[in-house]
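Visitor: Annotations per TrEMBL:
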- 32: active site, proton acceptor (ACT_SITE)
- 173: active site, proton donor (ACT_SITE)
- 7, 63, 142, 143, 144, 145, 173, 174, 175, 195, 196: substrate binding site (BINDING)
- 30, 32, 63, 173: divalent metal cation binding site (BINDING)
């Protein structure tokens, strides 16, 4: 069953609890962390995540778009993350990558690895047996409202052929709407991150429902 993870980046933070309460049908909440270095934009930190945790029982899917995830990861774990996803492009070596994966798992938090549109699936093949999720970026990370990059569909198809063997799930983030979401689900995606499509909809419940239709 497909899951929808509305992206908090598109919410109105002056009324966070009310915004989250409108997300009927969603089981996950996607929380983007940007440091102004790995990506040009800056977003939320762990203190705001702690407030989000207080506001919802939804599964908190934390996406670290930061240069040094190991330095900050414990704070996001303490703040209530259920899943922490980091970028393979931010990692210096295979050893450092495995160290981070094992560190997160040791705190009983799930682990995801993300790849940018320009990064080949081969870059994450060594870790498929060790992570819970692969996040395929269908836009360049850092800003919301971008158009969907079709290369993501081919990556999802490749990963879908491997997930039965390794047991991970596939998430896609960027430019998701009813049409692109359908393409991703047909290719094998399990979780759709949707920001503008959900939060700018006249009916958020209907927008979420449209992504759940298979």
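Indices start at 1 and increase along the chain as displayed.
Keep in mind that glycine also has a Cβ here, set from the backbone N, Cα and C atoms.
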Visitor: Near residue 142 (substrate binding site), meaning Cα within 10 Å, which of 30, 32, 63 (recorded positions)?
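Guide: Of everything listed, what lies within 10 Å of residue 142 (substrate binding site) (Cα to Cα) is 32.
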Visitor: How many neighbouring Cβ atoms, not counting its own, are there within 10 Å of the Cβ of residue 32 (active site, proton acceptor)?
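Guide: I get 24 for this one.
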Visitor: What whole-number Å value do you get for the CA-CA distance of residue 30 (divalent metal cation binding site) and residue 7 (substrate binding site)?
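Guide: Answer for this pair: 5 Å between alpha carbons.
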Visitor: For the residue listed as 'active site, proton donor' and the residue listed as 'active site, proton acceptor', what Cα-Cα distance in Å is obtained after rounding to a whole number?
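Guide: Spelling it out, the Cα of the residue listed as 'active site, proton donor' and the Cα of the residue listed as 'active site, proton acceptor' are 11 Å apart.
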Visitor: Which of the binding-site residues 7, 63, 175, 196 has its Cα closest in space to the Cα of the residue listed as 'active site, proton acceptor'?
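Guide: So, of the listed binding-site residues, the one sitting closest to the residue listed as 'active site, proton acceptor' is 63.
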Visitor: Quick one: Cα separation, residue 7 (substrate binding site) versus residue 63 (divalent metal cation binding site), in Å?
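Guide: Residue 63 (divalent metal cation binding site) has its Cα 10 Å from the Cα of residue 7 (substrate binding site).
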Visitor: Expressed to the nearest Å, what is the distance separating residue 196 (substrate binding site) and residue 63 (divalent metal cation binding site) at their Cα atoms?
Guide: 17
